[in-house]
Amino acid sequence: MHYFPVFADLNNRPVLVVGGGGVAARKVNLLLKANADVRIVAQKLNAELTALFELGHILWIAGEFNSEQIRNVFLVIAATDDEYLNERVFRVAESQQKLVNVVDDQARCSFIFPSIIDRNPIQVAVSSGGTAPVLARLLREKLEALLPQHLGAMADISGKWRHKVKTKLKTVTERRRFWESLFNGRFSQLLKNRQTEAAKKELELQLDKDYRGGFVSLVGAGPGDAGLLTLKGLQEIQQADVVLYDALVSDEILELVRRDAKLVFVGKRAQGKQVAQENTNALLVKYAQQGKRVVRLKGGDPFVFGRGGEELEVLAERQIPFSVVPGITAAIGATAYAGIPLTHRDYAQSAVFVTGHRKANASDIEWQTLARSNQTLVIYMGTLKAKDIAERLQQFGRAGSTPIAVISQGTQARQKTHIGTLTALAEIAENAPTPALIVVGEVVTLHDKLAWFGEQKFAQKRPHFTLDSLRIESVA
């Protein structure tokens, strides 16, 4: 690290600016925001600086620069178009061990100005160390868009209440949970709407509550690629005390969980070791009743074949508060990464999602509906029943030549797309690693044209082998 980032307290501290033009004015305005005692050395001032002088905001030392002017100041800034004068200011400041900045001359700077995102009292500074100022500015612009304007008001009010909160809530965990809940709740929304007094009242009401009760967030982790986790989902897993996750949550996403959170595996896999749903429900209740902030992290979307509704029913019965963060379901993510659009005007006017893993006493499937042409059928957890699925679809009218895809480990680096026809579905599914998704419909023919994920697409190398009507393509 070439520059050490610090935030300097300039309140009422003397700062010397040498120069009276536009560049100097920009620096002066920045310094005044920090309540610095600004002194300007210049033969003359531009209109902006003249106005500040006449208002009494700055002290003007009219005349030439000399070394005595630096003696009792905290910072020195040289902002003239005279290279010789700037060099002299730098050397004098260095000799007196003063922090000095010569504008646009990094070699003559003992400190530099970062790009600033100001949400007073919250401040974010971005610097490239002078190597790429345009890049730093672009980064600042992105952060400006991300950080809400009311952050400063949130920090200001919470700072005034810190002592009361510390008195009321004795443990660090209680206080952390209180502030996290406050900043992510109605308090923040009121400040966003410029309802400051109502926000203060909300804080007071929340503090009077008993915050020992826990909370559960049901979060969809998406299909695997960590980049597809929603921003709100990321916020939830980084605030959690306990995360209960299933087998479909990728290691990439688990790496994003708060480091000191407890990770509890509650996964289910067909023909594998499973955690019973009743045990998962019991754990959710147990941790919430211990006053913990619990995240139930599910692959894909928790309300699409994820039994999320069943888990929330248990929480509702016990009056445990909860929230839901949707995720990108596997049918959306995996097909997109495989270059298979779910709908297309030429091939499919609808898409149907079904599960191949049904409750033992479930009513029979409407195969006639699933076998319709001009639609895309996506089957979750269907590889073990692929033979029966293929037979039933053909029995109810789907042609054996209908294109199909089996997408394994969708959206992840290990993704494999297995292409074939309905007659070969059982054979294809048997050779496909799980978890896998079955796609049935003419849209699969677009895969060759639209596949984009994986290095081999761009290298024009598509390793494959043929097994009757089976083709396997790997992105690994």
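Just so it is clear, glycine is given a Cβ too, placed from its N, Cα and C backbone atoms.
Feature annotation from Swiss-Prot assigns active site, proton acceptor to D246. Shown in sequence order, F265, V266, G267, K268, L297, K298, G299 are the residues of the chain, 6+ apart in sequence, with a C-beta less than 8 angstroms from the C-beta of D246 (active site, proton acceptor).
All chains included, 17 other C-beta atoms sit within 10 angstroms of the C-beta of K268 (active site, proton donor). Annotated active site, proton donor per Swiss-Prot: K268, in sequence order, evidence recorded as sequence analysis.
DSSP assigns Q43 (NAD(+) binding site) to coil in the three-state reduction, outside any helix or strand. Residues or ranges marked as NAD(+) binding site by Swiss-Prot on the basis of sequence analysis: G22, V23, Q43, K44.
Sequence annotations record features per position, and here Swiss-Prot assigns S-adenosyl-L-methionine binding site to P223, G299, G300, D301, V304, T329, A330, M381, G410. DSSP gives V304 (S-adenosyl-L-methionine binding site) a coil state; it is part of no helix or strand.
For the recorded site, S128 (phosphoserine), the DSSP three-state label reads coil. Under the heading phosphoserine, Swiss-Prot lists S128.
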For this session: Work out the three-state DSSP category of G22 (NAD(+) binding site).
Result: helix
Exercise. If you measure from the Cα of G22 (NAD(+) binding site), which of the recorded positions S128, P223, V304, A330, G410 is the nearest?
Worked result: S128
Exercise. Tell me, by DSSP, whether D246 (active site, proton acceptor) is helix, strand or coil?
Worked result: coil
Problem set entry | Environment of P223, G299, G300, D301, V304, T329, A330, M381, G410, the listed S-adenosyl-L-methionine site - residues of the same chain whose CB lies within 8 A of the CB centroid | G222, L248, F305, G306, G327, I328, A331, I332, G333, A334, Y380, L437
Problem set entry | Spatial neighbour of V23 (NAD(+) binding site) that is closest, considering only the recorded positions S128, P223, A330, G410 and their CA atoms | S128
